[in-house]
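K.L.:
The structure under discussion is supplied below as structure tokens; questions concerning it will follow.
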2 protein chains.
Amino acid sequence: MTETFQFRLLAEDGRARRGEISMPRGTIRTPAFMPVGTAGTVKAMYPDQVRELGADIILGNTYHLMLRPGAERVARLGGLHEFARWPHPILTDSGGFQIMSLAALRKLKESGVTFRSHVDGQVHELSPERSIEIQGLLDSDIQMQLDECIRLPAEREEIERAMELSLRWAERSAAAFGEQPGKAMFGIVQGGDQPDLRIRSAERLSAMNLKGYAVGGLAVGEPQSVMLEMLDVTLPAMPHAKPRYLMGVGTPDDLLESVRRGIDMFDCVMPTRAGRHGLAYTRFGKLNLKNARHAEDSRPLDEQSDCSAARDYSRAYLHHLVKANEILGAMLLTWVNLSYYQFLMQGIRDAIEAGRYDDYVASVKEGWARGEA
Amino acid sequence: MTETFQFRLLAEDGRARRGEISMPRGTIRTPAFMPVGTAGTVKAMYPDQVRELGADIILGNTYHLMLRPGAERVARLGGLHEFARWPHPILTDSGGFQIMSLAALRKLKESGVTFRSHVDGQVHELSPERSIEIQGLLDSDIQMQLDECIRLPAEREEIERAMELSLRWAERSAAAFGEQPGKAMFGIVQGGDQPDLRIRSAERLSAMNLKGYAVGGLAVGEPQSVMLEMLDVTLPAMPHAKPRYLMGVGTPDDLLESVRRGIDMFDCVMPTRAGRHGLAYTRFGKLNLKNARHAEDSRPLDEQSDCSAARDYSRAYLHHLVKANEILGAMLLTWVNLSYYQFLMQGIRDAIEAGRYDDYVASVKEGWARGEA
């Protein structure tokens with residue numbers, strides 16, 4: 001822990017990087033996976049459990065929290081860390097992405113975006129300045145600029161317009177954030193699936209000298225190959241000495257391939273959402289516990305796992321819980337999945353340190369392909 | 001733990017009893033509250049947590065388990081203890097109560113009852129013999145006779161008919177259960193709100209020399225005063241040296257008043273169900289966390305509680321989780337409630353041992369009435 005936000009690169013293996021973000025609330029070992037705590041809770045998990053699995057940081061969603069319980073209320077209650085019993089670092093997104101995917105009647109202007117809450121129908125306005133204000137009220141450690149993220153495929157003109165708007169919003173967000181030595185505000189590279197727009201966005205953001213940078217607008221409908229191609233062209237245009245965060249990504253395979261290209265941070269609802277839908281991620285690949293073939297299988301998901309949920313409960317029992325819609329099913333499978341994601345990140349970090357990242361990736365993928373033989 | 005089912009009375013205070021049931025899978029300190037694990041899970045709780053709160057035994061529902069995953073399947077998987085990761089004693093009900101409340105197209109005959117599953121619409125038949133067979137497949141430690149439980153108010157004739165049928169089914173259940181030294185089958189006193197029928201039922205069952213006895217058909221629509229009056233007349237007609245189990249009861253106040261009259265065991269969905277509906281039971285009474293007055297209350301539910309959920313999370317956060325329908329809200333409030341119920345039972349047991357049960361009841365009720373002042 002340090003009094004100011006700092007990023008150190010500890011090791012590199014090809015383009016893969018092993019690093020460390022230090023800030024007053026704690027140290028984040030990178031590459032890092034941030035479990036998503038949408039509305040102030042990593043769904044179906046006690047906060048202590050999330051920590052014990054090895055998470056150094058979680059993500060909170062500005063959109064959800066501004067609507068309920070409200071940013072000013074969270075501030076009066078001592079901030080999001082106190083509210084949600086997570087004293088460690090928190091990253092918040094800007095709210096932009098969820099407005100586009102969840103809110104009704106949204107209207108985008110140069111100044112910001114107005115929308116109707118999906119919770120109670122009330123109209124809200126979010127500008128770059130208000131987003132930073134809200135993230136400040138939440139007392140977020142790593143804050144994100146407001147951007148416009150569009151789905152792919154999209155017309156080049158539309159991608160360019162949104163990218164340019166996001167750059168102007170980055171300037172305004174940075175000005176609103178000002179100087180906060182113990183915290184950081186990250187800019188977000190946009191540009192869809194257009195290499196030159198991605199590069200332009202990355203270069204213009206780099207010139208702003210922010211404390212960290214995200215790649216946004218990927219994993220929004222395009223094939224994985226397009227996403228990786230965008231990382232291939234974008235990352236070299238981003239500052240080497242700053243943390244790089246790939247937003248909303250992804251599958252275990254996405255993580256391996258993105259780290260290989262130089263990504264340091266990830267967040268994704270996949271392990272938590274999958275856990276609520278009967279899916280388990282393990283060393284042997286992805287399993288659908290709803291499948292009848294598990295109904296009388298007395299084996300655990302992974303008898304060698306450090307995670308009790310993966311080691312101590314039979315597949316037959318998990319199958320039953322999922323079929324019967326029992327809360328314990330969501331609890332156990334979310335636990336299994338977050339445990340596997342953190343296990344994977346630990347393996348990634350160890351492999352980069354040891355200079356054998358490619359071997360590690362090959363052996364992990366072999367495990368998935370082999371299944372359980 | 002003992003190789004045979006045994007009940008010892010350790011202390012008495014008035015009609016309140018402090019005892020101990022010993023059986024191969026463990027010892028049950030009485031008066032005992034049994035958390036309800038309907039479909040092989042105490043909802044929203046890890047089994048280890050349930051144990052840590054002080055539960056010596058949990059209840060499983062024959063109706064739910066016979067439909068899903070099926071008794072034969074549970075047996076093939078090693079029994080309910082192995083399946084649900086609960087190596088301690090389990091009591092199963094007979095299935096009769098849920099058939100009456102949940103199943104469709106039910107038809108009662110002398111031989112048993114046919115019904116349509118609420119899960120998949122399939123027709124099933126449950127007889128006293130089949131109920132005992134199912135409970136044996138589940139490997140239940142304390143099994144219950146099939147009975148007919150009717151709602152109150154009801155006509156005396158109807159109550160008497162159901163009570164007499166239940167007595168005949170008790171005989172058949174006992175015959176089907178046979179000799180199983182490490183396990184027990186309990187008979188169930190019926191008779192609605194008719195004192196003479198209750199007494200007749202209790203006496204006829206006593207003559208069967210079963211290992212334990214339940215009082216059924218209470219808390220089914222009648223006021224608490226009627227329930228307690230029925231206990232007053234029924235319990236003296238039941239064997240003193242056998243455990244007495246009041247089925248499906250109740251509120252914390254019901255527990256205090258029933259123990260005072262000589263009840264040793266309880267089960268109830270109240271703490272778990274209430275936890276999923278935003279209600280908390282504490283030393284200060286019952287709280288509805290949905291209520292807006294908790295929205296900015298940074299106090300925990302009970303800062304002196306041994307239960308982390310009651311001690312470490314603010315009411316404001318619990319309010320938020322409940323309003324946002326977050327799984328963690330159900331997890332924390334179920335934990336709070338089961339913790340309070342077990343805390344209450346420990347207090348009850350200590351008070352009886354110390355010969356100050358009436359004082360204890362008075363002080364607990366004073367706490368509820370005073371609130372938090």
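In case you wondered, yes, glycine gets a Cβ from its N, Cα and C as well.
Heads up, TrEMBL stuff is auto-annotated, nobody curated it.
Predicted, not measured: the structure shown is a model, and the values here were computed from it.
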K.L.:
Of B:G60, B:G121, B:G217, B:G221, which one shares the substrate site with B:D93, B:S94, B:G95, B:G96, B:F97, B:D147, B:Q190 in TrEMBL?
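P.N.:
Substrate site check in TrEMBL: besides B:D93, B:S94, B:G95, B:G96, B:F97, B:D147, B:Q190, the record includes B:G217 out of B:G60, B:G121, B:G217, B:G221.
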K.L.:
Match it up for me: which of B:2-6, B:22-26, B:272-276, B:282-286 does TrEMBL list as region 'RNA binding'?
P.N.:
B:272-276
K.L.:
Select from B:192-198, B:248-254, B:297-303 the stretch of residues annotated by TrEMBL as region 'RNA binding'.
P.N.:
B:248-254
K.L.:
Of B:G95, B:G96, B:G217, which of the binding-site residues has the most Cβ neighbours inside 10 Å?
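P.N.:
Sorting the candidates by Cβ neighbours within 10 Å, the top entry is B:G217.
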K.L.:
Same chain only, please: residues at least 6 beyond the ends of the region 'RNA binding' (B:248-254) with a C-beta under 8 Å from a C-beta of the stretch. Say none if there are none.
P.N.:
97, 216, 218-220, 224, 227, 266-268, 270, 281, 340-341, 344, 364-365, 368
K.L.:
Determine how many residues of the region 'RNA binding' (B:272-276) DSSP places in helix, in strand and in coil.
P.N.:
5 helix, 0 strand, 0 coil
K.L.:
Among the recorded positions B:D93, B:D147, B:D267, point out the residue whose Cβ has the most other Cβ atoms within 10 Å, with all shown protein chains included in the count.
P.N.:
B:D93
K.L.:
Taking the center of the Cβ atoms of B:D93, B:S94, B:G95, B:G96, B:F97, B:D147, B:Q190, B:G217 at the recorded substrate site, which other residues in this chain have a Cβ no more than 8 Å from that point?
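P.N.:
For the substrate site the neighbour list reads B:M100, B:M144, B:Q145, B:L146, B:E148, B:C149, B:S166, B:I188, B:G216, B:M247.
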K.L.:
Largest pairwise Cα distance, Å, within the listed substrate binders B:D93, B:S94, B:G95, B:G96, B:F97, B:D147, B:Q190, B:G217?
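P.N.:
Among the residues the record ties to substrate, max Cα distance equals 16 Å.
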K.L.:
Could you give me the DSSP helix, strand and coil counts for the region 'RNA binding' (B:248-254)?
P.N.:
3 helix, 0 strand, 4 coil
K.L.:
In whole Å, note down how far the CA of B:D93 (active site, proton acceptor) lies from the CA of B:Q190 (substrate binding site).
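P.N.:
Distance between the two Cα atoms comes out at 15 Å.
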